[in-house]
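Peer 1: Under the heading region 'Carboxyphosphate synthetic domain', Swiss-Prot lists 1-401, citing sequence analysis as support. Residues or ranges marked as ATP 1 binding site in Swiss-Prot (evidence: sequence analysis): Arg129, Arg169, Gly175, Gly176, Arg208, Ile210, Glu215, Gly241, Ile242, His243, Gln284, Glu298. Under the heading domain 'ATP-grasp 1', Swiss-Prot lists 133-327. The annotation Mn(2+) 1 binding site is assigned in Swiss-Prot to Gln284, Glu298. The feature Mg(2+) 1 binding site is assigned by Swiss-Prot to Gln284, Glu298. Taken from Swiss-Prot, the feature Mn(2+) 2 binding site covers Glu298, Asn300, and the record attributes it to sequence analysis. Annotated Mg(2+) 2 binding site per Swiss-Prot: Glu298, Asn300, in sequence order, evidence recorded as sequence analysis. According to Swiss-Prot, the region 'Oligomerization domain' annotation covers 402-546, on the basis of sequence analysis. Feature annotation from Swiss-Prot assigns region 'Carbamoyl phosphate synthetic domain' to 547-929; the stated evidence is sequence analysis. Positions annotated as domain 'ATP-grasp 2' by Swiss-Prot: 671-861. Residues or ranges marked as ATP 2 binding site in Swiss-Prot (evidence: sequence analysis): Arg707, Ala746, Leu748, Glu752, Gly777, Val778, His779, Ser780, Gln820, Glu832. Taken from Swiss-Prot, the feature Mg(2+) 3 binding site covers Gln820, Glu832. If you look up Swiss-Prot, you'll see Gln820, Glu832 marked as Mn(2+) 3 binding site. Among the features that Swiss-Prot reports, Mn(2+) 4 binding site is placed at Glu832, Asn834, with the record citing sequence analysis. The Mg(2+) 4 binding site annotation in Swiss-Prot covers Glu832, Asn834. Residues or ranges marked as domain 'MGS-like' by Swiss-Prot: 930-1060. According to Swiss-Prot, the feature region 'Allosteric domain' maps to 930-1060.
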Amino acid sequence: MPKRTDIRKIMVIGSGPIVIGQAAEFDYSGTQACLSLKEEGYQVVLVNSNPATIMTDKDIADKVYIEPITLEFVTRILRKERPDALLPTLGGQTGLNMAMALSKNGILEELNVELLGTKLSAIDKAEDRDLFKQLMEELNQPIPESEIVNSVEEAIQFAEQIGYPLIVRPAFTLGGTGGGMCDNQEQLVDITTKGLKLSPVTQCLIERSIAGFKEIEYEVMRDAADNALVVCNMENFDPVGIHTGDSIVFAPAQTLSDVENQLLRDASLDIIRALKIEGGCNVQLALDPNSFKYYVIEVNPRVSRSSALASKATGYPIAKLAAKIAVGLTLDEVINPITKTTYAMFEPALDYVVAKMPRFPFDKFESGDRKLGTQMKATGEVMAIGRNIEESLLKACRSLEIGVDHIKIADLDNVSDDVLLEKIRKAEDDRLFYLAEALRRHYSIEKLASLTSIDSFFLDKLRVIVELEDLLSKNRLDINILKKVKNKGFSDKAIASLWQINEDQVRNMRKEAGILPVYKMVDTCAAEFDSATPYFYSTYAVENESLISDKASILVLGSGPIRIGQGVEFDYATVHSVKAIRESGFEAIIMNSNPETVSTDFSISDKLYFEPLTFEDVMNVIDLEKPEGVILQFGGQTAINLAKDLNKAGVKILGTQLEDLDRAENRKQFEATLQALNIPQPPGFTATTEEEAVNAAQKIGYPVLVRPSYVLGGRAMKIVENEEDLRHYMTTAVKASPDHPVLIDAYLIGKECEVDAISDGQNILIPGIMEHIERAGVHSGDSMAVYPPQTLSETIIETIVDYTKRLAIGLNCIGMMNIQFVIKDQKVYVIEVNPRASRTLPFLSKVTHIPMAQVATKVILGDKLCNFTYGYDLYPASDMVHIKAPVFSFTKLAKVDSLLGPEMKSTGEVMGSDINLQKALYKAFEAAYLHMPDYGNIVFTVDDTDKEEALELAKVYQSIGYRIYATQGTAIYFDANGLETVLVGKLGENDRNHIPDLIKNGKIQAVINTVGQNNIDNHDALIIRRSAIEQGVPLFTSLDTAHAMFKVLESRAFTLKVLD
């Protein structure tokens, strides 16, 4: 079937901010889809609220709207653009839900906009739990015994009929949001209440738990001519009961017999045909390990996280082809872009094993509930490719960047057997490491299989690794054993540890013995056809398939898995850097380990190495490719942390040199640099012991800001107000040592702002200054940033520009740098300097129209700023106001406190732009799903130090029609100062009128809660914040953010005046 000619303009809805359950995979799929549609000659209009994406670059679609993905704004854009069609299946759950809302509100019908790809009825049948159940029954496809409920009472009634355990699955939510496992009525009531609240259609499916079955996924494609194929099947290491996004996954499936594979494959193809899905679809199935009995768990009628994984695992570009199918092309007429000789109708074949491992945020959220279940908790993932399971698993392990290079974590030797077995039974994020430890202690596979329901086949592969560890320990420096373990994916570092020598010795020994990796091609066809893909993975085998060209090359290191503090922004910078390298006439080589991102799309670079970002793996690529140099600036802390070892190995690091990176990161050197440049900084000291820290704090005076050196995202950063808290911090939060000093600074309460700059060694370009709405003390990544600055005087701006120039030249920066300032009493202090790309780069690139990563890369390669058209120093400010607002994933992370402070907690960001601050703020809050009505009830429960300021804030909220509720201490202060309040209790006080109940019953429209540093662990305040998060009530833990929201509400309010 030829492509459709009756449509010309197509709107694509993106997935919005990155949250747990919906990450960078949708930037990858959305970018692919937009380019695919443009390739076919269609005009593409894109709507997305996330500025950190490649998808929202001007050249990806014909028209790009970075606007809130809400019914109000998408409708306005539809009315303005009048597209012929809408493609909603590439924007994750956000895109699907928006399409449903547009349809239900009659907008699509009114504007005559057709839905492309999957029809609304199919989305409904897959997403609406009741319709899905009916369809499965019609197809004779087995599903677990279940009931659709719209109330908690109905859930209890069903539970009484069939008993526990049960699983709750809310309709139309993402990443298992609001769902969970229930072993009793109390849990059922709690989870169902939350689930009904979070489901946009107030509907949950309550089903019999089939926890313990094998979880298998099929990624399938279908076109309008009913051609359908399986792109890839995948098997979860963890059984049903743990969300697939939180599970280790292998592709292809490893333990299925031919009969089982055929059974599940047929079911998946029957389902996609019955739903008449046109495009990609993910089918999740549960298989009884002891029989051929299976159940269909769910169907995602769209491109998903698993689609991105399947695309990278096979090389088959699902989103690109789904877009072509949506406009009428069929699989048998589209050429496979990898082989360039076969058609997309050929099912991919794999001659390797892919392992995906989730990356969890518990290194930042130590208080978080680590127990895994049906609600997703991972922020990102890594993928590794090997010739056997052991190799791919160990490569994935060391890609995670959690301080491990093997299936062993520190201090496990000291764990008692009881604790070990309990950790294995509980299924937390680190269970894999405890399983390996149990095997080291000779627990049987049968025992571990019965405790975990993990297939014995996988446990046996872990045993192989453990037995090889033993073999290594008993045969020190044995070359044959070395060869054997390298074939199974052991790292040089792990071998060095077992042999009690250093990594360099293992590396040299291996190279002398000729034990070197070769690089194999990912070609979708198991080498059956010729392939032109420059997409490689390492393995210890014969025949290297990565051919070296005569062209001079540059290697760019990516940023690895998405985690809090290092998100998709760094991937954005990496992709733009590669573009500039290619434009400059070099061969661009990318090395990265993240299957979700645009940078690991094989068509972006001249060569892609899908490998862990460790010294060993990077050096192996460098030894083969011999690039002119390596660029580290765009890979976040991941790449920067490799600088020292790469430099020592004689690798040419392009851009700012190691000694200058050290001058920015090393406290004493940085202080000396600032003194020499005559730039003020808050007084501070370095401490390597607890006593040094206490002495430093006494000299500075409390409060002090304490943090470890060399971190990203404010990891383990804290404001400390007394000696007791400081001693507690030094003994629990950090392990201070001469190699890992702790930085102790005076905490200045002032206005914070930051600058991204590009330096060529002689001149600098500052695209813009961003002013933070929240005062210093809230991490810059969690602050709302405004560009251009709204309250900074000309003198302050001139000082910031002057200090930026001095620092860029003084630190010999070549390329990107980010500087953070605090302004107190009209004096500018430098807080920190990062001589690399920062997370604000995409936002600033979008709003200034300066492709910063590209300019910086060309400067790194030797170009000068005078050769560009942007001039020097501060670039002229935009006449619009732009706001970057953080987005959080607290609903997914039980026990994680939502109180903002110096340690970063946000997972994503949105942008709001308009002609003035109030309108831009309104859009930013709406895009971040922080909506407040024009009037209602607002609770104040604030720290003593904030009461004076909170009083003024409460007065203005009252002036626009809000009723002020307050807890006792706050209410007494407000009443004494002439403000009438409604007294409410915290917990256990004023039983009928305490805050969590009021929130639950919909009586409260917003909560303002600030806490002094000494009361951070206050249990009542924690529960109040948690209640607000769980019920979706706007929560402000900074008075500055609450004041910004007031400005929005005030701008929407009319003035009511009595006639004089």
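The backbone N, Cα and C atoms fix where each Cβ goes, glycine too.
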Peer 1: For Arg129 (ATP 1 binding site) and Glu298 (Mn(2+) 1 binding site), determine the Cα separation and express it in whole Å.
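Peer 2: Spelling it out, the Cα of Arg129 (ATP 1 binding site) and the Cα of Glu298 (Mn(2+) 1 binding site) are 9 Å apart.
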Peer 1: Looking only at the region 'Oligomerization domain' (402-546), what are its DSSP counts of helix, strand and coil residues?
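Peer 2: Summed over the region 'Oligomerization domain' (402-546), the classes give 77 helix, 11 strand, 57 coil.
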Peer 1: Which of Arg129, Arg208, His779 has the fewest nearby Cβ atoms, counting only those within 10 Å, among these binding-site residues?
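Peer 2: Counting other Cβ atoms within 10 Å of each of the binding-site residues Arg129, Arg208, His779, the minimum falls on Arg208.
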Peer 1: Where does Arg129 (ATP 1 binding site) sit in the DSSP three-state scheme?
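Peer 2: In three-state terms, Arg129 (ATP 1 binding site) counts as helix.
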Peer 1: For Gln820 (ATP 2 binding site) and Arg208 (ATP 1 binding site), what Cα-Cα distance in Å is obtained after rounding to a whole number?
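Peer 2: Pair distance, Cα basis, whole Å: 53 Å.
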Peer 1: Looking at the binding-site residues Arg208, Ile242, Gln284, whose Cα is closest in space to that of Glu832 (Mg(2+) 3 binding site)?
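Peer 2: Nearest by Cα distance to Glu832 (Mg(2+) 3 binding site): Ile242.
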Peer 1: Using Cβ-Cβ distances, find the residues under 8 Å from Glu298 (Mn(2+) 1 binding site) that belong to the same chain and are at least 6 apart in sequence, listing them in sequence order.
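Peer 2: Correct list: Ala126, Phe132, Arg169, Gln284.
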Peer 1: Taking helix as H, G and I and strand as E and B in DSSP, count the residues of the region 'Allosteric domain' (930-1060) in helix, strand and coil.
Peer 2: 63 helix, 21 strand, 47 coil
Peer 1: Going by Cα-Cα distance, which of the binding-site residues (Arg208, Glu215, Ile242, Asn834) sits nearest to Leu748 (ATP 2 binding site)?
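Peer 2: Minimum Cα distance from Leu748 (ATP 2 binding site) across Arg208, Glu215, Ile242, Asn834 lands on Asn834.
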Peer 1: Just to confirm: which same-chain residues, 6+ apart in sequence, have a Cβ under 8 Å from the Cβ of Glu215 (ATP 1 binding site)?
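Peer 2: Sequence-distant Cβ neighbours: Glu235, Asn236, Asp238, Pro239, Val240, Ile242, Thr244, Ser247, Gln284, Leu285, Ala286, Ile297.
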Peer 1: Across all the protein chains here, work out how many other Cβ atoms are within 10 Å of the Cβ of Glu832 (Mg(2+) 3 binding site).
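Peer 2: Glu832 (Mg(2+) 3 binding site): 17 neighbouring Cβ atoms within 10 Å.
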Peer 1: Going by Cα-Cα distance, pick out whichever of the binding-site residues Arg208, Asn300, Asn834 is nearest to Gly777 (ATP 2 binding site).
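Peer 2: Out of the listed candidates, the nearest Cα belongs to Asn834.
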Peer 1: At 10 angstroms around each C-beta, which of the binding-site residues Ile242, Leu748 has the fewest other C-beta atoms nearby?
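Peer 2: Taking Ile242, Leu748 as the binding-site residues, the minimal 10 Å Cβ count falls on Leu748.
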Peer 1: Reported as an integer number of Å, what is the Cα distance between Asn300 (Mn(2+) 2 binding site) and Arg208 (ATP 1 binding site)?
Peer 2: 20
Peer 1: Let me know the model's mean pLDDT on the region 'Carbamoyl phosphate synthetic domain' (547-929).
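Peer 2: The predicted confidence over the region 'Carbamoyl phosphate synthetic domain' (547-929), as a mean pLDDT, is 93.
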Peer 1: Taking only the residues the record lists as binding ATP 2, namely Arg707, Ala746, Leu748, Glu752, Gly777, Val778, His779, Ser780, Gln820, Glu832, what is the largest Cα to Cα distance between any two of them, in Å to the nearest whole number?
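Peer 2: Between the outermost Cα atoms of Arg707, Ala746, Leu748, Glu752, Gly777, Val778, His779, Ser780, Gln820, Glu832, the distance is 18 Å.
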